[in-house]
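Remarks on the structure that follows.
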Amino acid sequence: MGDSPGRGAPQRRHRAQPGRAGKYEPRPEGPTSMGSLAQREDLQDDEDKNSAFTWEVQANNRAYNAQFKEKVFLCWRRKKYKTNVIRTAKYNFFSFLPLNLYEQLHRVSNLYFLLIIILQSIPDISTLPWFSLGAPMVCLLFIRATRDLVDDIGRHKSDRAINNRPCQILMGKSFKRKKWQNLCVGDVVCLHKDNIVPADMLLLASTEPSSLCYVETVDIDGETNLKFRQALMVTHKELTSVKKMASFQGTVTCEAPNSRMHHFVGCLEWNDKKYSLDIGNLLLRGCRIRNTDTWSWSGSCPDGGVVDGCGDGWVDGYGWVGGWMWGWEGFDTKIMKNCGKIHLKRTKLDLLMNKLVVVVFISVVLICLVLAFSFGFSVREFKDQHYYLSGLHGSSVAAESFFIFWGFLILLSVTIPMSMFILSEFIYLGNSVFINWDVQMYYQPQDVPAKARSTSLNDHLGQVEYIFSDKTGTLTQNILTFNKCCINGRVYGPDSEARTRPKENPYLWNKFADGKLLFCNAALLHLVRSNRDTAVREFWRLLAICHTVMVRESRRECPGHQLLYQAASPDEGALVTAARNFGYVFLSRTQDTITIVELGEERVYQVLAIMDFNSMRKRMSVLVRKPEGTICLYTKGADTVIFERLHSRGATEFATEAALAAFAQETLRTLCLAYREVAEDIYDDWQQRHQEASLLLQNRAQALQQVYNELEQNLKLLGATAIEDRLQDGVPETIKCLKKSNIKIWVLTGDKQETAVNVGFACELLSENMLILEEKEISRILETYWESNNNFLTKKSLSQVKLALVINGDFLDKLLVSLRKEPRALVQNVNVDEAWQEPGQSRRDFLYARRLSLLCRRFGLPLADPAEDSGARRRSEVLQERAFVDLASNCQAVICCRVTPKQKALIVALVKKYHQVVTLAIGDGANDVNMIKTADVGVGLAGQEGMQAVQNSDFVLGQFCFLQRLLLVHGRWSYVRICKFLRYFFYKTMASMMVQVWFACYNGFTAQPLYEGWFLALFNLLYSTLPVLYIGLFEQDISAEQSLEQPELYLAGQKDELFNYWVFVQAVAHGMATSLVNFFMTLWISHDTAGPASFSDHQSFAVVVALSGLLSITMEVILIIKYWTVLCVVTILLSLGFYAIMTTITQSFWLFRVSPKTFPFLYADLSVLSSPSILLVVLLSASINTFPVLALRVIFPALKKLLTKEEKVEEGPSEDIFAVEPLPHLYRESRARRSSYAFSHREGYADLITQGTILRRGPGVSSDIASESIEPSDEVASSSSKESH
């Protein structure tokens, strides 16, 4: 949560005046500017390419902005700047029908059915009426279109709720309430506290000191810590009233809309002067305004966000904030550029079915060609033998063969039954309903049931191999609590009765206590109140002094003693709040003082210096002069940097180290606290050198870091704190179970590496026996990958070591080709702070080099040759991408830190590209939307970060732990059901319809149907539908509890074992064998028979074959069903009953009299069933089809188990022989690796405090504008809040 994602290193910091006028170039970064050195180089580079500054917007001038056009196609031009309307739906009223039909015709099966329907409409070749296939086709298209329409209506509702959110826009000389969709480029907008920024906007002014604005970007990058934005000084000083804002005519020139969330370059031209702009001046769409008592102003732009450079944007602290919408609105905003597009998701079985349809169609065409040629030969022979019948054959043999070919094609078209596709839609719908009804996936605290928003991806849930998960709000609850502490070597944990909530508040003696602290330790509380232990006193005093928290009074939010802390990170907020409850209350601060109340006594400390935290220092210090006159340095930071700066080590230090190790085992986030007293002469000397370093124009950051480090020596250890970043319930158990299912879990987060790794251990994604590879090791392995002929990653030595990867967004920028396809800021440049090397770093580098050498020696990697490094880096980038994906796929866990929303989606896309596997993405925020859309299955958690993830997901859950049941139970069941359904459907289709081919050999290849027409029409509709529908909806090979207890069964879906080409061939072969038995057994037995018991006539023969086929496929369904219920028996009986009822009706004398041609089989079934000998033939055929299959299914599994046991016995010794020796020296020291220090905020807050920027208030700003603002009603505010969530 520290630095912004994608900016892993500290930034260069200068103390130049922000917003200065002059030549158009980005300004050096000051304490209020968040641009980087890379941005300046990026600006120059883009200017050279004439591609940087194409966006020009003027404030309060809609006519000027509307004149800009862009070419679309030929002479067609449209407005350059988009509106702020968001449309995520796929269809509209006019496009739904053509677009949906176009998408449905992408299914090969639908194209096949359409071809057959066209052929059926031609009388000369039609063997079946066109409506026999046309009506089911219309039904199938209607069902799928209805499903797509329902899904899209939900998107339209979501879009409407967002577009209709209220905001206040400057119209004329006052602010008027409008909707987000009415926002235009160049408008000035007023925002209230907790409002969501409607577009990318430029911050113009604020009633906060120095026009600061605090925003929460949890919906963008998942970070809960506050970030500050600041207006230019010129707009802060000049735009102090509504009248001045209305007359503001500034023009912003900036880069075109792009997806770079943390980079922006532009300039504001106003009153013939130019002022540089960077990301620190912008409010991005999706941010939430914080720490403003009333309202704020911001400007929006055509990127779909807040104005970046074409308008004005204000955010007001104690009255108003002004922002200008400068050019990026709607889909042009950065957040929308990162959201990705809606993809048509297709399951693996769906894609396989497309291929099988082609295979079956080609096979049918070949069979029809053979039958047509056979017809030609038989007709020629028939004409030669019976020349006197030549008048009946007016056409040529070739013409008749041509028509016969199409007749056979229509007759055999049922080998791809449309009813299978119609039934599959009902099966998918039914399994989705079962997910919705599962009460064990209902999250009662938030009233969130599981919901399947997509009804076509259920079987995909049973084939997932990769899960890509967000961290904040998905694995964790995003709640940080003070859990334990160690003071002077003694550990203080919560009392047993305080683990829940004590019956009586133990802090009632403290009038400043907020009553929210759950931690309580009676012994520690007694020591604090007695005020006798120096270490305890200094411990809590340090927590109350050493921070960058701001405090203000708010009667509305904190009744009683209204102290409201505004922390840059939740970590600092938790620590300062804990000190407050223990009697050390941070009361107020000025530019050079800090006031605290110590056990009821108010004390003012003079702040001499604040040494800010950054990701290299891993600590912060405050140098203060106590009221007694002594000077003291208070320092807190990671244990790795604090311990090497201690004056000495004794029993206390060793006890604290043991406590830190215990805290690490509990995966708590720790900070070490230390202090030292500084003599006056030492301080005077240090102060002079500090002043000299702060005035340097070059290498200032290096000099300051060195000066800071000189003072932060000879510290005395006070103790350590432990903060718990609470996991969601059941997360470790869920991940453990999913890993047993051979599912690889990758965590993609915008948070800092230490926090992400700590959470990885907490949720058991990482373990102590894993070898964690980081950037340098990964780079070396990737360079070696292709040198070793691509076989290094498959070595047995590597495969038997548990690996994990930990990388960040910057590394991905350098590695992945896909990220460079659009112009990017030069984020790979080394910042000045990185050049500073902490003392002791050289030793760590030596240990790291030694470890890398051991790694190379262990796995056979050639040691790096400096002369070859440059050549290695010039290797093909595509091969490097492939090598990275191969390496990551061999790891047990992958953690990607500091990644942007687009990088999350690209990582998912890379895995899909190089490994054709089913991927699942799960998240709860807007920053996860792109990842959710890109993955094969997207799961949204209904959490605290709004509903954006839910609205773009395929499935909705209340907690991460429910993912286990969703995949291992519902997903696996759905996959098993669909596979059995498809296999059985192909079997029964071949068993019943292939007899048409055998019959053609005995009827002169004339394409005459064997079966009664009504049997063909009703076979897949009534006679065999219900049992197969039962399989698709209710079949269970094992119970839900057994599925969770045996996660290894999930591998069948990952390996496509239950339905693939081989299973399809088996089903077809089985069906053909059944058809051969039914046809030829009947043919041979009926040969040369006569009399009442004979069934050698066409109708009786057809009925016997039909009965044999129906009984055989019914016995097959009885054999394959494993979950027997009363409903199962009913479906089988109903199917047979439907046959008896419908044949009685269609073969009745009354219907025969009405239409003999339509109902020609008069009493055919009755005459056959009345003969016992014929019934024996039917039973004989069914028995021959059933018993051999039953024997194979009993014997084959038994033999397979026996062979498996023998293989295990034989392989046992070989595994021992080739076992890999463990390499304990390759694994880092546990505690050092798992040190997750509790610092989340970014660098820069110390400068804001020491320079007074965060404390000064501009004259006359809030009073004028606040009086003009219209406070939104509670009703509107609440509705807006509901919509946002």
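Cβ from N, Cα, C; glycine included.
Feature list (source: TrEMBL):
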- 1-44: region 'Disordered' (REGION)
- 356-377: transmembrane segment (TRANSMEM)
- 397-423: transmembrane segment (TRANSMEM)
- Asp470: active site, 4-aspartylphosphate intermediate (ACT_SITE)
- 950-1196: domain 'P-type ATPase C-terminal' (DOMAIN)
- 1011-1033: transmembrane segment (TRANSMEM)
- 1059-1081: transmembrane segment (TRANSMEM)
- 1101-1121: transmembrane segment (TRANSMEM)
- 1128-1152: transmembrane segment (TRANSMEM)
- 1172-1196: transmembrane segment (TRANSMEM)
- 1257-1285: region 'Disordered' (REGION)
- 1275-1285: compositional bias 'Low complexity' (COMPBIAS)
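Sequence-distant contacts of the transmembrane segment (1059-1081) (same chain, at least 6 residues past either end, Cβ-Cβ under 8 Å): 349, 352, 356, 978-979, 982-984, 986-995, 998-999, 1105, 1108-1109, 1112-1113, 1116, 1177, 1180-1181, 1184-1185, 1189. By the Cβ criterion (under 8 Å, sequence separation of 6 or more), the transmembrane segment (1101-1121) is in contact with the transmembrane segment (1172-1196), since 3+ such pairs are found. The Cβ of Asp470 (active site, 4-aspartylphosphate intermediate) has 29 other Cβ atoms within 10 Å, all protein chains considered. When pLDDT is averaged over the domain 'P-type ATPase C-terminal' (950-1196), the result is 90. Counting same-chain residues at least six beyond the ends of the transmembrane segment (1128-1152), those with a Cβ under 8 angstroms from any Cβ of the stretch are 1012, 1014-1015, 1018, 1022-1027, 1029-1030, 1034, 1110, 1114, 1117-1118, 1121, 1158-1166.
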